[in-house]
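Shown next, in structure tokens, is the structure this report addresses.
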Amino acid sequence: MKLSTVLCCYLLLLGLFAPEIISDSPPLQDVCPMAPQGERKLFMNGFFCKSPSTIMASDFKTLLLNHAGDLDNMVRSSANIITATEFPGLNTLGISMARTDIAVSGAVLPHSHPRASEMMFVHSGSVVAGFFDTKGKLFQKTLAEGDVFIFPRGLVHFIMNYGFGLATTFSVLNSQNPGVVGITHAMFAPDSEVAEGLMARMLSFRDMGMDDSSSVDSPWFY
């Protein structure tokens, strides 16, 4: 068999099985709430399951997204991500959830989730949401209550309040541990002059009325 044929077969098989390799492992049982810290004997990629005899309905309910977070900060926003660590019932299900509250003229500074895509639902208010692809192209939309927007996995994205009252969004991410890389936190203090400059830059995107897609000179693109 020619080398090119073997290579094509290899690439085809890789394409078929790669999604299973790079995504969260599928559950091997109906449910698997995370075991309490004291019951863990080994470290692993994920968490051990509780004994089936101790699983309760309360393992699948959380109140952690019921209330708005603290908005008394420079960016006037709060983002609360709930993973399997905080909500045991999520263990092995490959999802996590988040609530974001943004005061008037507030924003969620640019960040990314290295292990998950994010689907965001606007619960109340109006926001501008956008992300940058790897070529620096900005994809941005103005969203109203009930709208949904997608942030692709690993891409830098942001949210800004575009209304005259509190804006609240809820998100689902397709990993029980999506990770958060905050651009401002990674490079400089969130209350620094550079962070303030980023905030001003984001507000300029909003005020220019950019929508759909545009190429911009992004200070946090790399």
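Our numbering is plain: 1 for the first residue shown, then up by one each step along the chain.
Glycine too: its Cβ is placed from the backbone N, Cα and C atoms.
Keep in mind the model is a prediction, meaning the values are calculated, not measured.
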Mn(2+) binding, same site as His111, His113, Glu118 - Swiss-Prot member from His67, His157: His157
Neighbour-count leader, CB within 10 A, disulfide-bonded residues: Cys32, Cys49: Cys32
Secondary structure of Glu118 (Mn(2+) binding site) (DSSP, helix/strand/coil): strand
Sparsest-packed of the listed binding-site residues (His111, His113, His157) - C-beta count within 10 angstroms: His111
CB contacts for Glu118 (Mn(2+) binding site) [other CB atoms within 10 A, all chains]: 23
Secondary structure composition of the domain 'Cupin type-1' (72-195) [DSSP: H/G/I, E/B, coil]: 11 helix, 57 strand, 56 coil
Alpha-carbon distance [Cys32 (disulfide bond); Glu118 (Mn(2+) binding site)] in Å: 23
